[in-house]
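To start, the structure itself, in structure tokens.
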Amino acid sequence: MTGDLFAGLERTPAVERITEGALLLRAFVDASEAAQLMRDIATVLAQSPLRHMQTPGGFRMSVAMSNCGQYGWVTDRRGYRYQSLDPLSERDWPPMPASFLALAGRAAEAAGFAAFVPDACLVNRYEPGAKMSLHQDRNEIDMTQPIVSVSLGLPATFLFGGMERSDKAQRMRLDSGDVVVWGGPARLAFHGVDTVRQAEHPLTGACRYNLTFRRAR
Ligand code: MD3
Ligand code: FE
């Protein structure tokens, strides 16, 4: 019965410390959980479709975005902010799926943040050619709350800078199933995503999704 030897033993995902406060949980999401997340993303997007928002300076973002949860992050000519209504539908954002809440809580706990209950989830979709320039996430009220990010589909090169925009960024590859928890001193670090390259992924086709779980209020 050697086949039973490892039955019930789960693989321990590798944990890497990126910097003080930032933990990379490689392959934290397995294939069946990833498939459930994709079904739930489809449900969210059926209610609040992806759209290319405008920056306050008037540029169209190459990343297509939507949200779920009590608040959603938006940008337009008036600025960056969280709001409880989807500006496209003028209705509430779709509810946060149970699979999203469970994953965010489990990942935060694995990184040492007990009882993380996000009230916002930004859904980012990168098609080949899309990127996100270096920025800080500073529209949330309580900077002691972490951000949990989940990558699905095509790989990307994540850029992790320092506390100043001019600090040299480290580059790291994020693959489907990788989760990063950003808290403590890393919470206000500059970060971005290099241009996603054309390829196919069995989970998502020719795109990358990133979910970022936040406590906005
Ligand atoms: C480091 N998204 O939505 S996730 C964003 O892959 C965003 O779509 C990227 O940056 C993406 O704002 C990166 C990783 C991430 C998210 C939030 C952070 C890194 C962070 C907040 C503080 C420091
Ligand atoms: Fe960000």
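Numbering starts at 1 and runs along the chain as it is shown here.
Using the three backbone atoms N, Cα and C, a Cβ is placed for every residue, glycine included.
According to TrEMBL, the domain 'Fe2OG dioxygenase' annotation covers 117-217. If you look up TrEMBL, you'll see HIS135, ASP137, HIS191 marked as Fe cation binding site.
Secondary structure by DSSP for the domain 'Fe2OG dioxygenase' (117-217): 5 helix, 44 strand, 52 coil. The Cβ of ASP137 (Fe cation binding site) has 19 other Cβ atoms within 10 Å, all protein chains considered. Neighbour density at the Cβ, taken as the number of other Cβ atoms within 10 Å, is lowest among the binding-site residues HIS135, HIS191 for HIS135. The 6 Å Cβ screen around ligand 1 retains ASP137, HIS191 from the binding-site residues HIS135, ASP137, HIS191, ordered by sequence position. The residues near the Fe cation site, meaning same-chain residues not in HIS135, ASP137, HIS191 whose C-beta sits within 8 angstroms of the mean position of the site's C-beta atoms, are MET132, LEU134, GLN136, ALA189, PHE190, GLY192, in sequence order.
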